[in-house]
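Asks: Sharing a structure below in structure tokens format, with a few things to ask.
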Amino acid sequence: MSRAHAAYANEGWSAPEGGIAGKDGSTRDCSGYGSQGPLFSAEEEVKGTVVRETVGPIEIFRYADATDRVLMIAGTAFAVACGAGMPVFSFIFGRIAMDLMSGVGSAEEKAAKTSLIMVYVGIAMLIACAGHVMCWTVAACRQVARIRLLFFRAVLRQDIGWHDEHSPGALTARMTGDTRVIQNGINDKLSQGIMNGSMGVIGYIAGFVFSWELTLMMIGMMPFIIVMAAIIGSIVSKITESSRKYFAKAGSLATEVMENIRTVQAFGREDYELERFTKAVLYAQGRGIRKELASNLSAAVIMALMYVSYTVAFFFGSYLVEWGRRDMADIISTFLAVLMGSFGLGFVAPSRTAFTESRAAAYEIFKAIDRVPPVDIDAGGVPVPGFKESIEFRNVRFAYPTRPGMILFRDLSLKIKCGQKVAFSGASGCGKSSVIGLIQRFYDPIGGAVLVDGVRMRELCLREWRDQIGIVSQEPNLFAGTMMENVRMGKPNATDEEVVEACRQANIHDTIMALPDRYDTPVGPVGSLLSGGQKQRIAIARALVKRPPILLLDEATSALDRKSEMEVQAALDQLIQRGGTTVVVIAHRLATIRDMDRIYYVKHDGAEGSRITESGTFDELLELDGEFAAVAKMQGVLAGDAKSGASVRDAKKASGHLGVILDEADLAQLDEDVPRTARQNVPIDELAKWEVKHAKVGFLRLMRMNKDKAWAVALGILSSVVIGSARPASSIVMGHMLRVLGEYSATKDVEALRSGTNLYAPLFIVFAVANFSGWILHGFYGYAGEHLTTKIRVLLFRQIMRQDINFFDIPGRDAGTLAGMLSGDCEAVHQLWGPSIGLKVQTMCIIASGLVVGFIYQWKLALVALACMPLMIGCSLTRRLMINGYTKSREGDTDDTIVTEALSNVRTVTSLNMKEDCVEAFQAALREEAPRSVRKGIIAGGIYGITQFIFYGVYALCFWYGSKLIDKGEAEFKDVMIASMSILFGAQNAGEAGAFATKLADAEASAKRVFSVIDRVPDVDIEQAGNKDLGEGCDIEYRNVQFIYSARPKQVVLASVNMRFGDATSNGLIGQTGCGKSTVIQMLARFYERRSGLISVNGRDLSSLDIAEWRRNISIVLQEPNLFSGTVRENIRYAREGATDEEVEEAARLAHIHHEIIKWTDGYDTEVGYKGRALSGGQKQRIAIARGLLRRPRLLLLDEATSALDSVTEAKVQEGIEAFQAKYKVTTVSIAHRLTTIRHCDQIILLDSGCIIEQGSHEELMALGGEYKTRYDLYMSALS
């Protein structure tokens, strides 16, 4: 059985050897990394691991401030003092044991004094143990928060070229996963290691004081232990970093999928993406298992050598007593001191492993923090008080860093004067947007120079230069927050009045005021709750509120209908005409650049790169009658300024209102007519927390999920039983050995001494073998746990992809938070399985076997100890419950959301100089979390200290009561020693269980967050079987369809819509931005479910159809084309797995992109970059169109599919789409703001405020003389 089986156990999936099978029975090969190319480089595959450095043991604390250093110093002092407790105890124990064996005086009187000293030691341990946990936990929280902040700041500081090579998903995985590893290595786990290490050192020092000869003999094995620890530590470090790197790739993949979830679902690629993700996490799983086995091998060797040393110690100790060199008290004190010291050193291993892992995890993070980018926003430079003269490109040679062999500009020279209005025109992919990028200094040219006011841009203060620039990009990026907050990002200190005025100019004010919450309306993650046009107008308002000296407009109005475009263009013209504003425009609609002072026509000549072939005013270029004039004629744009104020006034008159707002009575009536579920009644802002609260997580559930690895858990439990039972059992041998030594002190019987030593000392070899075997088997916990982690990660990822789009609109369910779940939370759940079972079983065995031994040898003493156990266990449980109370507050992960959103929109963050704003928001989220972390550390430390005090108190009580029994003749010294030591081990392990409470509490909170998603059944469920008989053709009808977004429950987006899309017909949807056009398309893709009414396909209710089958018959091209990291070929083939190269190329020809692709150096194997960053907007859109056409669907949905294209290219693409439709008899539904695009549709539907106001063919609507005719005439007047 392959490892992939584990990922689907008990969840309705099977994974036969060599592949992953979905519910449909189809099997996919898992030998590679899907079709997206190899997961790792050939060099990495050959090596079998990723060799990586670690930071130094001191360097990892480089970001500690004075407070942290004081806390760490104090915590270290407390830890050392805590470690001294057991050696001090060994001295007291040896003295009182000698006194009791001597038979002189009252045993009870002597024990009372010793017990009182033990209580004093317990008080000291309370302070010391609480202190070291508190100090190190708080210091770690503070440092990791600072590291996260610095890493985030450093990542945002990096140049765009660096970001082109580092996906946001991988960076987010480092932020969430690796920083947790760092914290786990430098928190109280490290102080536990210091405590255990000091116990070892002080124990050995005490041993040398009591008997240097015996101590030397006992520590003879130490060189072997040290060498073994060093070797294993190095191996674990390399394996850990390898695992981290592999999962960083998996995290990047997952983030990209979640950000492009509409594309994934529309093309039914959930199984494919699950396969890719599974492949990636299986790599990480393999390394994780190796790490667990290596760590347990280290522990096995160390513990075995320790027990071997006990055999040697008792043999040699007996001779020292016989020779009169030492008495029994010295031997007992030495043995216990070195014994506890050895145990202390043995317990250093987990802390050492965690510390090593943290140093490995810190390496890449610190490397990023230290990196000084070549284009550095934080660097100084020549001040830029304003823009006065010009921007000059002087012999610029440029290639993108990700494609250094593909020269874009070989010798670009041009000058943009201050106050000048300049436009760039040309076919898609010719380099227009690259000019915009160079002006913002996203990149530096590889030759020549860009000068500002005669100064090289490299020498300017970059931050001040970007402050001079306002930009609206082709694909506007918004941020989670309100309308007001997003507009104000353009000018953080803008007043409300300035924001409102900017929104008026951008023609979005009336839309905002029609919403229930107005300017406080949330836009959703990356603006997901807004239409494309609304997002673009918000982005325009964001640029306008800044009133910048330089305004860059990269297809700023491409997503707007003609009315909105004219209104916004008028506002932009007013801004331009105020004077002093330098404007650089990229626009494919030549009518919008008619008034430019200068227009540059750019042409791309394949391998020769791009160059300016024509330049001049609009009229001059028409007179030139070159390539620009040919495009202008194609668009119907004539010389002269035909745009009039009347046109703009007509546009304003034609504007409709947006939205139908429901009052409480309407909502109540709607809920009565169409009942809502309990989940749907929860406010969307509270929904994530509500789902976490109702999540059910239990140990039995985890056991069922991992039942195929029950054998490994059984071996692990066997190891816990062996290890747990060995400790109390060894106390029997020790007790008998001490009796032999004590009797010799009284009788001087050498023969009895020899025979007793020969009988009992070799028994420690048995314990050595048992412990070695036990710790080796203990590694199977890690084996099972790693498999469980992989299963949960795969299951969570699968369930995330299963959710409907409504899920991703919920606050706290964005890609960043979900990526954090896949990384950190799933890893934390591991603790509930392997380590949790091991600790519980081991603790139970130690306590149970200790009590059994105690009852056998002295039942009265065992009863006293048993009566004290609830106190210790209760204290540990209290600590765990209190910590758990603070971990619940982690739900939400605001910091993860901020990180993912900022990194996904890094170009916008860079353009708007928002780095410090994002850092401040992230810092505020960290600051909000800090008090909870500190309180958790203080509580954890306090209760841990109390636990240790109770341990010493219980032992003092047992010791005093045992002496009382000796005085009464009811017990022998041997019985008291055996019972006391066996109970001591049980009590000590109970304390260790308490120390583990923090991690378990965190793991439980993580598990609830994870299972709140795993258990969620979406309203539109792809796994719900439906009718697979779709009928013939594709005839669609909407009957009284009403739709409301859950994020805006009072706003009706579609109000009782009735329409029909006939089979094999072409249908166009037009209307003002935000009127519901995209909603119609997204409902057809089953992204959202209607609120009421009926949508039918060939007479069948769409909601009754099998979703997977339905989506196999549709294809969609969204307004913002979502591409994936990989090659051009892979992205086109994404729509239809198994398509031949010929079919891919044919689809590319229809989308008019084939001839461009074959001119690229790597052709169809050209990497497109994260989200297609390596391509222009038009190139991305055409590849997305090719992908859609390759599917050969019954229904083709086009949402502004050609908005980023120039008119020449658009016309050719439109020809390809029409030819495709005619050939395959496809039903098409198109949204377009360019009315010429849909003029030839069989049916055109005009929507306004969620209602249909007109519908019919172009000729019918023109004859009607209504709203459509007004809009069409307005559109054509702008082109004439």
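Residue numbers in this text run from 1 along the chain shown.
Even glycines carry a Cβ here, placed using N, Cα and C.
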Asks: According to Swiss-Prot, one residue in N196, N493, N1113 is annotated as N-linked glycosylation site; name it.
Replies: N1113
Asks: What kind of secondary structure is S428 (ATP 1 binding site) part of, going by DSSP in three states?
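Replies: S428 (ATP 1 binding site) sits in coil per DSSP, no helix or strand.
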Asks: Other than its own, how many Cβ atoms are within 10 Å of the Cβ belonging to S1078 (ATP 2 binding site)?
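Replies: For S1078 (ATP 2 binding site), the 10 Å Cβ neighbour count is 23.
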Asks: Go through 189-209, 297-317, 326-345, 713-733, 938-958 and flag the stretch with the largest number of C-beta pairs under 8 Å relative to the transmembrane segment (120-140).
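Replies: Stretch with the highest Cβ contact count: 938-958.
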Asks: For G1071 (ATP 2 binding site), name the DSSP secondary structure in the helix/strand/coil scheme.
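Replies: Looking at the DSSP assignment, G1071 (ATP 2 binding site) belongs to a strand.
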Asks: Taking 8 Å from the centroid of the Cβ atoms of G426, A427, S428, G429, C430, G431, K432, S433 as the cut-off, which other residues in that chain fall inside it around the ATP 1 site?
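Replies: After dropping the recorded site residues, what remains is V602, H604, S610, S1176, G1178.
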Asks: State the non-local partners of the transmembrane segment (189-209) in its own chain: residues 6+ outside its ends, Cβ under 8 Å from one of its Cβ atoms.
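Replies: For the transmembrane segment (189-209), the far contacts come to 75-76, 78-80, 82-87, 90-91, 129, 132-133, 135-136, 140, 215, 218-219, 333-334, 337-348, 350-352, 354-355, 995.
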Asks: If I count Cβ-Cβ pairs under 8 A between the transmembrane segment (326-345) and each of 297-317, 762-781, 837-857, which range comes out on top?
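Replies: Stretch with the highest Cβ contact count: 297-317.
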Asks: Taking DSSP three-state, what's S433 (ATP 1 binding site) in: helix, strand or coil?
Replies: helix
Asks: C430 (ATP 1 binding site) to G1071 (ATP 2 binding site): how many Å between their Cα atoms?
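Replies: Rounded to the nearest whole number, the Cα-Cα distance is 31 Å.
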Asks: Distance check, please: Cα of A427 (ATP 1 binding site) against Cα of T1073 (ATP 2 binding site), rounded to an integer number of angstrom.
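Replies: Answer for this pair: 26 Å between alpha carbons.
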